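TrEMBL has this to say about the protein:
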type	residues	note
REGION	1-58	region 'Disordered'
COMPBIAS	11-38	compositional bias 'Low complexity'
TRANSMEM	68-98	transmembrane segment
DOMAIN	135-240	domain 'Late embryogenesis abundant protein LEA-2 subgroup'
Amino acid sequence: MADKVFPSSKPTATAAPGGAAAPTTTTTTSTTTNGGTTKSHLINPTARLPYRPQPHNRRRNYRPRRNYCCCCCFWIILIVLVLALLAAITGTVLYVLYRPHRPSFTLASLRIHRLKLKTAADSSSSHLSTLFNLTLSSKNPNSHLSFSYDPFVISCVTSNGDVLIGNGTLPAFVSDDKDESTFRGVTVASSSDLDAETVNNLRPELKKGNGVSLKVEMDTKVTAKMGGLKSKKVGIRVTCDGIKGVVPKGKSPAAANVSGAKCKVDLRIKIWKWTF
């Protein structure tokens, strides 16, 4: 009887080129029961496993920054609303306690010393020469509020065509509570050449039998002060309309009719290049 030779279960190492030992390959044999087939798996211990990137959520990196920005915006809006509410409450309390009113102005008299329009013989140019004398008064009706005025810039214009016929100034002054100030001898004058369009608008006004319709405008800035509180400077315009002027004859001045003149005070708010 011949002897049977069984193969060794240990793997045989093959020599690699150059005399180095080749990597060992382990063969694992698994046999399934019930007459199944046999499968073998080759395992190379020196082989490197492929790199598999691990999925990660990028939103987690931005979530703290977004929360921080939302919190900042929320607190800023809340602070602004609280400050606006406090300012509104303070203004309401001050209005109820002190009842502030606008200052009032009155044009007491206007005397016209000179109002001449000369045109050259060839009608190439026209010259206007005027001289007015005004009496103005200012009254502060408030009992706990004072006004500090900057110098006034006075302009005298026609009511219909807004033709400028005189300029003047009024010095700065302070109007205390329940105070009334009167300014006499305020001079408004002009000496300038006019273009043809301005002359055409002014000449019919001077020839009217019932007088020339005039308007006095005064621009300045005012600061209000109440106790220890002081406001910023605000622009105002005082407009006195309804004046009927008469062209003087000879050297005696002519008194304008100011019985129907009414003066109103308007705020002048300047935003960049526009004034409202």
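Even glycines carry a Cβ here, placed using N, Cα and C.
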> Mean pLDDT over the domain 'Late embryogenesis abundant protein LEA-2 subgroup' (135-240): what is the value?
Replying inline: 91
> Reported in the order helix, strand, coil, what are the DSSP residue counts of the domain 'Late embryogenesis abundant protein LEA-2 subgroup' (135-240)?
Replying inline: 11 helix, 65 strand, 30 coil
